[in-house]
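Below: the structure, in structure tokens.
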Ligand SMILES: N[C@@H](CCC(=O)N[C@@H](CS)C(=O)NCC(=O)O)C(=O)O
């Protein structure tokens, strides 16, 4: 590791539902997320695209953690109504009383025992796509099709290193050299993605896949938080014609924009990371209504859900504020 470089801690609990001690069962598990968090948002989108809302319930944490980390202060009595706990950390402690590492989202908790099953964000979405298949809705799309897996994995590796994690490495770098190196790599990758997405609607094949979900969760946060707060300011996403149209196209696709809470995103980053934003002031911009402008990507062809169908309306109680109203 280079001096001044941010290092991401590996996930600690990596069990997979549908294997070992954790049988697949509708209604047994609860997905705990923050709508601020890009890693958690992958799971929120996949759960909705696959129609797993009733099989896997969801708890949304307050975007502002306190010294005990993620908490359920958005819920009545400051408790998650299903798990009955005030802090996500209680599920970590129920799983392993000696655990002293970070309390992160996304997490899946076993409701009957209150124990954490996994906080392994790279595997959670794949788990939902593969082992959870018996519980998918009719018409659920194939987000990780076998024939495209090698290509999806290769794209994901580059996107994780340079983009998803690249923005954090830029934002949390403590030495100029480390910052300059990662930010150059980030924008070189965005340039390459701009070129790839100029002639094709989606990253791999002609339908939405896991690769699009992983890239998009960073793109949707980019101008709101990474450009300013994380100093990724060579360009905004709105200055890349293809990436910006691609971002809007997915935003307007059911299952993507209808999971995003920009207020949670902005407040989480700017208020929580006091080391890089000591005043905690949350800036005003940008104009969110632009997300609803026409994108023209239909001209590139593509079949968003392949042989499947779009997801239905957002489940009751899971609605997010509309960007039209927020503008
Ligand atoms: N387990 C993943 C978690 C993904 C992640 O970083 N989630 C953030 C929110 S965006 C989080 O919960 N951070 C609190 C913590 O790790 O203590 C990791 O360690 O990298």
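Cβ from N, Cα, C; glycine included.
Record features (TrEMBL):
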type     : residues : note
ACT_SITE : 37       : active site, nucleophile
ACT_SITE : 168      : active site, proton donor/acceptor
BINDING  : 70       : glutathione binding site
DOMAIN   : 142-272  : domain 'GST C-terminal'
REGION   : 300-327  : region 'Disordered'
SITE     : 226      : site 'Lowers pKa of active site Cys'
SITE     : 269      : site 'Lowers pKa of active site Cys'
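Checked against ligand 1, the recorded positions 168, 226, 269 give no residue with a Cβ under 6 Å from it. It is 12 Å from the Cα atom of residue 37 (active site, nucleophile) to that of the residue listed as 'active site, proton donor/acceptor'. Cα of residue 226 (site 'Lowers pKa of active site Cys') to Cα of the residue listed as 'active site, proton donor/acceptor': a span of 8 Å. Residue 168 (active site, proton donor/acceptor) and the residue listed as 'glutathione binding site' have their C-alpha atoms 19 Å apart, to the nearest angstrom.
If you average pLDDT over the domain 'GST C-terminal' (142-272) in this model, you get 98.
Shown in sequence order, 36, 221, 225, 229, 230, 277 are the residues of the chain, 6+ apart in sequence, with a C-beta less than 8 angstroms from the C-beta of residue 269 (site 'Lowers pKa of active site Cys'). Counting only residues at least six positions away in the same chain, the Cβ atoms of 32, 34, 61, 62, 87, 88, 89, 103, 104, 105 sit under 8 Å from the Cβ of residue 70 (glutathione binding site). Counting residue by residue with DSSP, the domain 'GST C-terminal' (142-272) contains 95 helix, 0 strand, 36 coil. In terms of local Cβ density within 10 Å, 226 ranks first among the recorded positions 168, 226. The Cβ of residue 37 (active site, nucleophile) has 24 neighbouring Cβ atoms from other residues within 10 Å, across all protein chains displayed.
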